[in-house]
């Protein structure tokens, strides 16, 4: 690892620049690990978010209890979606406050990131450039999609209120105002009495949600991109290990072929191969340890995220089925959340797929030409790679395409059930 890489060079990476700006708004950017001084207001905001989410969750439950008998099935679905999102924010808010979050970020940014390895060879630098480019475009895409979703989710009720004359300054006794988020803070509380304040507050909550959910997923995805890059480099190192010299035998009189034989490696070649094998083993251990750290820490986050999708996916589809206005409001949110599920699942699946390629690469190594010591090293390495490198939710369920397909199938089934109830 190149220890001369400074925090300034790391922060010069384009997609990390964008993530730093966005995540800093919630205090979720781990600037401390890079020697940055986090403003006190951002530290306080980081601690405030989980408490705010907890208070908002209680207020939403109180709203559900108070108006349960008068809410129709669509309004009830809306309440469940926003309440589940609040729980998700609370979990994410607690996550970024933990010391382990900063420890993993320090390991990722200051040790594991490919910028620390690009000096080793042209291939390292090539993979570093490819991973950076993918991460940058993925960041831009998610930024635009997330901001669009947050604006439309809040903009739709504001526009409907505008059409009903809520901003004309006239009395609003005969107008039922719409809000993107509903809550009941204290006895006698009515959001319509604080229409402007509640509307602004709901915009703030929506953007906090976007950062807590989408951009923390982006941060995790960028880590996974780096893991994929490391695995590709490791595979290349295995495939390009020294090849033995070959000699041609006597011509076969039956089919006129000239068989070739691999010569044993010399002592000097075996010494060079031993050094490469040690580097390969250490590199593989680095990847496995970092992946395990991600699984152990982000496991509860991923499990809660999958549970959220399992519950809210059918509700989002149900809300979208109300008509054009509802689709304009819930459509972007549905696309974002389902898109996040699909993207993350595919990215995590690629990790397992790439790690399985390591097995074939090791099988193809010229182990028969190595000395006994190196053959033992190859055997140990082969044993290690038999277990695929994969991120799991709380060490139980591998995060990948299979779990995604189960969630999507369940969401569609429950959506059909809700539609039949509505009819």
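Along the chain as shown, the residues are counted starting at 1.
The backbone N, Cα and C atoms fix where each Cβ goes, glycine too.
Here the structure is a predicted model, which means the values were calculated and not measured.
For 47-68 (among others), the entry in TrEMBL reads transmembrane segment.
Proximity of distant same-chain residues to the transmembrane segment (80-98), defined by a Cβ-Cβ separation under 8 Å and at least 6 residues beyond the stretch ends, is recorded for 26-28, 46-47, 49-50, 52-54, 56-57, 60-61, 64, 180-182, 208-209, 212-213, 216, 298, 300-301, 304-305, 308, 311-312, 315-316, 319. According to TrEMBL, the feature transmembrane segment maps to 80-98 (among others).
According to TrEMBL, the feature transmembrane segment maps to 134-153 (among others).
Within the chain, the transmembrane segment (194-220) has long-range Cβ neighbours (under 8 A, six or more residues past its boundaries) at 19, 22-23, 25-26, 28, 49, 52, 56, 85, 88-89, 92-93, 95-96, 138-139, 142, 146-147, 149-150, 153-154, 158, 161, 166, 172, 177, 179-181, 294, 298, 301, 305, 336, 340, 344. Here TrEMBL flags 194-220 (among others) as transmembrane segment.
Here TrEMBL flags 297-318 (among others) as transmembrane segment.
For 330-351 (among others), the entry in TrEMBL reads transmembrane segment.
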Any residues 6+ beyond the ends of the transmembrane segment (297-318) with a Cβ under 8 Å from its own?
74, 77, 80-81, 84-85, 87-88, 91-92, 95, 100-101, 104, 216-217, 220, 330, 333-334, 337-338, 341, 391-397, 399, 403, 407-408, 410-415, 417-419, 422
Suppose I define contact as three or more CB-CB distances under 8 A, residues 6 or more apart in sequence; do the transmembrane segment (134-153) and the transmembrane segment (330-351) meet it?
yes
